């Protein structure tokens, strides 16, 4: 409820997108199944037991936790509203806190692993000959454990002190830092690959056509990677930013009313 401040101060012009509970649950279940398949595929195939696929597996686990947590919370709310689940208010509050920690922790870890995957790909391109000595399985495991521990620790602090503005600022800053990190690394990788393609084109006397084709493909891939990331995660963190900047403004209050839509976008990303 604290994420929907001043929602009663909106005008008649405010557009609220209604998200059916069935759609919410369906998307969560689809995301759950997809990420379970990714985890099974990586754990079963020994050829995929490498640092890169370990990070991808952990990303799938994070997205799996996002889906499970949001679906579980929605299901509990529906059961409580229907009267099928009757329990003490204190127990419901404790359960809500646990689920919120899981949701926040899984979101933070998901963003972290997206950043780690970008760093891993960057090292594989710019330090190709030393990649296997830099990114080893023991180091990857330590990084994975560190991310999970830090995610749970900080998400617990975030949920405990959610009323403090500093908490929301930290979350938004973290998102912007991950976005900037991914953009810088991927653009740098695209630039290096473009230079490499230019060199090959010069040797093959086909510089013009190769350069144009590669530029279009590389730009399209980069747009998909960063575009989907920003479109799916951006509205949620915009919501948090506006809570800090204009919690009582009618326009901001209108944006607050679509909070469930922002959660659906995160599930879609997962």
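Cβ coordinates come from backbone N, Cα and C, glycine included.
Annotated range for transmembrane segment in TrEMBL, selecting from 23-43, 191-211: 23-43. Restricting the average to the domain 'G-protein coupled receptors family 1 profile' (34-270) gives a pLDDT of 83.
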